[in-house]
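What TrEMBL records for this protein:
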BINDING   B:36, B:39, B:42, B:243  [4Fe-4S] cluster 1 binding site
BINDING   B:46, B:224, B:227, B:239  [4Fe-4S] cluster 2 binding site
BINDING   B:158, B:161, B:166, B:200  [4Fe-4S] cluster 3 binding site
BINDING   B:170, B:190, B:193, B:196  [4Fe-4S] cluster 4 binding site
DOMAIN    B:27-57  domain '4Fe-4S ferredoxin-type'
DOMAIN    B:149-180  domain '4Fe-4S ferredoxin-type'
DOMAIN    B:181-210  domain '4Fe-4S ferredoxin-type'
TRANSMEM  B:322-340  transmembrane segment
């Protein structure tokens, strides 16, 4: 965090000065480790084993926050008897289809009753007390349906009809979370029933002992147990622990499950929805949070509504029904209001209830259009044009060569950036020109370069990781032809609309009907950012309040009487005031500082903060009081805006069949979940399993000691000649790439260098590509400090200066010593920057997390040799030689399932 | 006593002749290295504000330090010190791993000599004899393991000495004592004679190397001004403004010294026993520093002189002796020639 987010790290230093203990778990010893109380080096790609070890420690030592766990999580919920865990199936969950590499998650579901009539026979819906009436139950009692130790909770929702179709397409879920398969779930609040999530969790993680953690992560038990002690003793009624990760955690073929691992820990310890708790995701750039809220992603619409899919969502009713099922609980049931308001904001008067608010105008998904699939499509000549805005994929994206080969196949390319980045100049000075793979005169890509305005040269909001929008004003005019993104897109849209004006072709209606009437100002006709924010907030369109700003998303209507460009941002212009521009100093308000900027939703600074009070609505402790039920006023109150229906008392229990927000009980804090509970176990919604299990990275010199299944069996692979993978440990040729490398950032540079390698003041601070190696590896391979090294994978070889340092530590993993090589990824090959160099991302191949299509770029295998790499054609021969020595084919590392054994398959398919 | 060269001096600005309305409380830096995260924002902010040119694109292989040293084009310099020693109760995470013997001392020495121009020892992880009485070379011992490690960072800067030799030796008056008690070079007056360069006991000030007519202030002596053009307007120096962790604190020196003492006490209480202040004592060889430091070990660890002495300390004595010699010579001449005349 100190390394990549030094400004935010000031608050960690402040916390440390006030007595907080800072633990840093990272393969390398960074500037964060330098000031942390404890640094724990672990093998890159082994984090789930580490997190699983903590979960096992918590469960086997009874360190969990029992009252919180029972009431606020799904620990007591019963899982289907059909569910089979990875231990039974040697690394696969039940439902695996080896043909498609996907799961049918139906066996992961909660136990319960599929239809209302059966539900009637169960116990009536809650109120369930906190389990007192069942505390005397035998732990081993077998339930029959709803009998035995289980109560039945109404969680709403019909049969999850789309679960089958959702397989292999996590991008179609949007951000709405997952529906539940059953309208009722069975619970045992004694947590004793063997099918409770709690017991499933316990069994699942029983194997993640400190010894196994050492065997997989290379972390000695003493170090590991120290972390366990510190984290658990600092959690509970009086204390909370926060987890902070940076996006490197997501850059794995099991990235989503990494985050799930820390979520399970935080739920078990009662650290969610409470002050000082939570999981902080540090994003890679300013306002990356904002660019998922109002997305630049192919699969979500503003506010995490999914992009409709062709064939599945051909009508508005179909689309809405997928997000908000009849009878479902929680706030997603209002998706029709959010969607109608969004479409009204986009298409104004043209959007009417009669034409489904122009739902037909929305483009529909026909499959994965994520960045890496798109690059392969570019290589295959399926893509004509490409826009790059503040992105330098020729350097910053995994498998740089593939990126550049793809760019070279385009007809046109628009690059909007501060500098003439490598992605704009690859056609004349890229590595493939030097190697002879590309010839400038044969590249047909027409590159349009537009200089961009920097953040000081334009107005708008940044949304940071706390979901807080902060307005910034333009300080200076951009120089020369540099313009804001707003300017570019507004005027592009304006010109296109002029071009199509008068068209009677129905396909042009979406463009011509757009509300595209933003005021502009200044010489450059820059659109008014404030006007955009007002549109995002939304208005009442009819009635006596017509024209007024909506105060919040609960006012949004499904009948077209409201508009709003992003439902979660509704309220940012409440009362006609730009709430994001508020800058009241912290000293003039309470510690939550609600009047600094504005956080979605509804200016809540901590999500699910109902969990900061006990089930009866009282603070868990005075020290950690945050939001509580005011008995006298009969409403929720506290330091933050309560994340709960304001007047819903803790004792509220939904009526039979209640749905939507009213279906959530007064003691269910996780109001966006269909059962109101924090999910220790995800019965649906994830493509690679309901619980995180340790899999080795796609390329690994280590065998998975837990299961025969080596890597994530559902990871997205691309079996192609231009995406060869290194063999892992047990495969033939696995010893050719014996080392692990990880890529990362340095404080001195920013990602692919567009904002730093062109600046002398930053370039001089880290002027050259280097690799960090341990003295032990230096000795093993004869690497000389200050000399050069060549690092090679199945993709290519790069060179780097050698920095030998004690900060890199070899780890004992399963009896062998594993060496890790650290590679900053800031440099790229080109002529325009102040400093250039080989790009670490060129070493990477593509294996993706199945849920989110994120690449595994934080760990892969390689070889390292002293000296500079060959150049020109010799480089290609050098890499080819490695490939043939390792016997690499397109199958190598690109098969999801390890050593298919009939037994495992049969079991998995049951 | 005015214009003193040595010893405690409460008010350098007053001593330099600033009076009444012009005279300001002494300003300085307290650089607390215990919270430095090595982000180098100070280096960049300093260059931005003061329009200091870049100092060359040189990868030094010296931990994360590629600035090397303070100089005419590096007025703030963040040092990175890797050492096989513990830092208070910090657990570096090396114990129990497969790590062998530390090489940082070898590498530090290689980096030091490289900075001095000798790069022969850089590829030294394989074989370098330190000349120490050991039987094996560092990094070559089997079975031995490194267990402790620390990575110290320190943002170094001109010390704005109470007794500033650079100023004392400056023949043009380019270097002067400001009303804030700081020491500033006036680049339009400096003639580039370079007397100040060897005069500085810390090796801070230097003449800018570059191309005549191209490089700004080529040949002119340059160093930190404590942002004379900011503090006069009530702003903080650029580096202190940019520092995210308050490692660099700017203010009245008296107040900073109190604050620093409290911080040292807190660190001692927390078990960081080697924490100490450097340059806060007016009785040292330079009369105390306007920019002083909290260090986590001996000054030598940070490349700072343990007992800096103002190089002009003996100047009065030398002049006195020179005067005596002159008088004696004069007397002798008078005795010889005067007597002869009488003859």
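Glycine too: its Cβ is placed from the backbone N, Cα and C atoms.
According to DSSP, the domain '4Fe-4S ferredoxin-type' (B:149-180) comprises 5 helix, 12 strand, 15 coil.
Here the binding-site residues are B:39, B:42, B:166, B:170, B:190; the one with the fewest Cβ atoms within 10 Å of its Cβ is B:190.
The subset of binding-site residues B:39, B:42, B:46, B:161, B:170, B:196 lying near chain A, with Cβ atoms under 8 Å apart, consists of B:39. Ranking the binding-site residues B:170, B:196, B:227, B:239 by the distance of their Cα atoms from the Cα of residue B:42 ([4Fe-4S] cluster 1 binding site) places B:239 first. Of all the binding-site residues listed here (B:46, B:161, B:193, B:224, B:239), the one with the fewest other CB atoms within 10 A of its own CB is B:193.
When Cα-Cα distances from residue B:36 ([4Fe-4S] cluster 1 binding site) are compared across the binding-site residues B:46, B:200, B:227, the shortest belongs to B:46. Taking the Cβ of residue B:200 ([4Fe-4S] cluster 3 binding site) as reference, residues of its chain lying under 8 Å away and at least six apart in sequence are, in sequence order, B:165, B:166, B:311. When the binding-site residues B:158, B:190, B:196, B:243 are screened for a C-alpha within 10 angstroms of the C-alpha of residue B:224 ([4Fe-4S] cluster 2 binding site), the residues that qualify, in sequence order, are B:158.
Annotated [4Fe-4S] cluster 3 site B:158, B:161, B:166, B:200; additional same-chain residues within 8 Å of its Cβ mean position, judged by their own Cβ, are B:159, B:160, B:164, B:165, B:167, B:183, B:196, B:199, B:201, B:202, B:204, B:205, B:223. The secondary structure of residue B:243 ([4Fe-4S] cluster 1 binding site), as reduced to three states from DSSP, is coil rather than helix or strand.
Take the mean position of the Cβ atoms of B:46, B:224, B:227, B:239, the recorded [4Fe-4S] cluster 2 site; other residues of that chain with a Cβ within 8 Å of it are B:42, B:45, B:49, B:50, B:75, B:76, B:157, B:225, B:226, B:237, B:238, B:240. Ranked by Cα separation from residue B:190 ([4Fe-4S] cluster 4 binding site), the binding-site residues B:39, B:46, B:227, B:239, B:243 are led by B:227. Close to the recorded [4Fe-4S] cluster 4 site, the chain also has B:166, B:169, B:171, B:172, B:174, B:175, B:185, B:191, B:192, B:194, B:195, B:221: residues not among B:170, B:190, B:193, B:196 whose Cβ is within 8 Å of the site's Cβ mean position. Nearest neighbour of residue B:170 ([4Fe-4S] cluster 4 binding site) by Cα distance, taken over the binding-site residues B:39, B:161, B:227: B:161.
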